[in-house]
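Per Swiss-Prot, these features apply:
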DOMAIN    16-121  domain 'Core-binding (CB)'
DOMAIN    169-354  domain 'Tyr recombinase'
ACT_SITE  Arg210  active site
ACT_SITE  Lys234  active site
ACT_SITE  His306  active site
ACT_SITE  Arg309  active site
ACT_SITE  His332  active site
ACT_SITE  Tyr341  active site, O-(3'-phospho-DNA)-tyrosine intermediate
Amino acid sequence: MRRELLLEKIETYKAIMPWYVLDYYQSKLAVPYSFTTLYEYLKEYKRFFDWLMDADLTQAPKIADIDLSTLEHLTKKDLEAFVLYLRERPSLNTYSTKEGLSQTTINRTLSALSSLYKYLTEEVENDQGEPYFYRNVMKKVSTKKKKETLASRAENIKQKLFLGDETLAFLDYVDKEYEQKLSNRAKSSFRKNKERDLAIIALLLASGVRLSEAVNLDLKDVNLNMMIIEVIRKGGKRDSVNVAGFAKGYLESYLAVRQRRYKAEKQDLAFFLTEYRGVPNRMDASSIEKMVGKYSEDFKIRVTPHKLRHTLATRLYDATKSQVLVSHQLGHSSTQVTDLYTHIVNDEQKTALDNL
């Protein structure tokens with residue numbers, strides 16, 4: 001979603017929210033949470049507040065009038081009823097016959113509510129320096145995790161990674177072969193953004209940064225002499241990320257055309273730009289997802305930017321056998337998250353042995 005459209009949608013949701021949600025929004029913006037995260041959270045709050053009114057758990061005539069007392073006095077049974085509603089409600093997607101939301105979506109809804117309740121009961125201060133209330137009912141609501149062993153997950157993910165020589169082969173394919181099958185009109189569009197698209201793919205494969213971190217990258221955050229970029233990690237922490245050397249040429253080629261091709265001025269801070277009717281804008285997450293999907297599908301299999309992150313992590317673990325190093329590269333505080341890559345690499349080693 002384009003940044004301008006995203007901000008418009010955020011303002012639409014803010015206009016109907018209670019004052020304490022607006023306080024929450026302002027507080028998290030200062031962390032900073034990304035606009036995309038805050039937008040998703042606001043959507044979840046609307047879903048929840050709509051249900052409160054439909055279930056007669058508030059007498060408020062509209063969402064903005066739902067008071068803190070309502071949230072304070074909700075019971076565990078009330079929240080469990082909300083979860084059941086999410087699980088059993090007819091799907092709003094007319095193309096799907098499945099009823100109810102997926103467990104992943106339900107977990108996301110509960111995560112958003114947990115964040116709001118934590119803010120209201122622990123983080124915010126009233127005039128007396130106390131939180132708005134103390135009872136956090138969300139601490140009593142458990143979420144159901146998807147049951148899958150690491151070995152099973154590794155097997156599912158492995159097919160969507162560009163390991164070994166495939167990392168550079170993918171970049172080489174986009175650079176030299178992709179356009180050969182395009183029409184003349186399509187070639188013109190491809191060539192306009194070729195350097196930028198290659199730079200994005202190379203950066204994701206060479207650093208393992210999250211999609212949001214790549215989107216929010218500014219020109220000042222990129223040091224090609226040191227091959228280091230500065231990103232804002234989850235939770236608002238600033239981090240320096242090393243970038244593998246194979247990405248340097250692609251990034252330099254993009255920088256050489258960035259200003260001229262995208263009409264960039266001094267005030268255009270975003271590193272990755274798109275241009276529409278002569279106006280440069282920060283490239284958004286949706287556009288990058290579509291771009292990566294388009295090229296990867298033509299090369300081998302359609303993947304997301306997150307799979308390119310998995311690719312870097314797996315290759316780095318294979319080269320170093322250090323979960324600590326991989327955790328630091330990905331911006332994780334624990335090595336537990338990187339257990340997945342040990343399973344992928346071990347499976348690759350077994351395959352190699354079987355071929356001896």
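For all residues, glycine too, the Cβ spot is worked out from N, Cα and C.
Nearest Cα neighbour of His306 (active site) among the listed active-site residues (Arg210, Lys234, His332, Tyr341): Arg210. His332 (active site) has its Cα within 10 Å of the Cα of none of the active-site residues Arg210, Arg309, Tyr341. Taking Cβ-Cβ distances under 8 Å and a sequence separation of 6 or more, the neighbours of Arg210 (active site) in its chain are Lys234, Pro305, His306, Arg309, Gly331. In terms of DSSP secondary structure, the domain 'Core-binding (CB)' (16-121) contains 71 helix, 2 strand, 33 coil. Using a 10 Å Cβ-Cβ cutoff, Arg309 (active site) registers 21 neighbours. Cβ environment of Tyr341 (active site, O-(3'-phospho-DNA)-tyrosine intermediate): His310, Ala313, Thr314, Tyr317, Gln323, Val326 lie under 8 Å away, each six or more residues apart in the same chain. According to DSSP, Arg309 (active site) is assigned to a helical segment.
His306 (active site) is surrounded by 16 other CB atoms, counting those within 10 A of its CB over all protein chains shown.
For Lys234 (active site), the number of other Cβ atoms no farther than 10 Å from its own Cβ, over all displayed protein chains, is 15.
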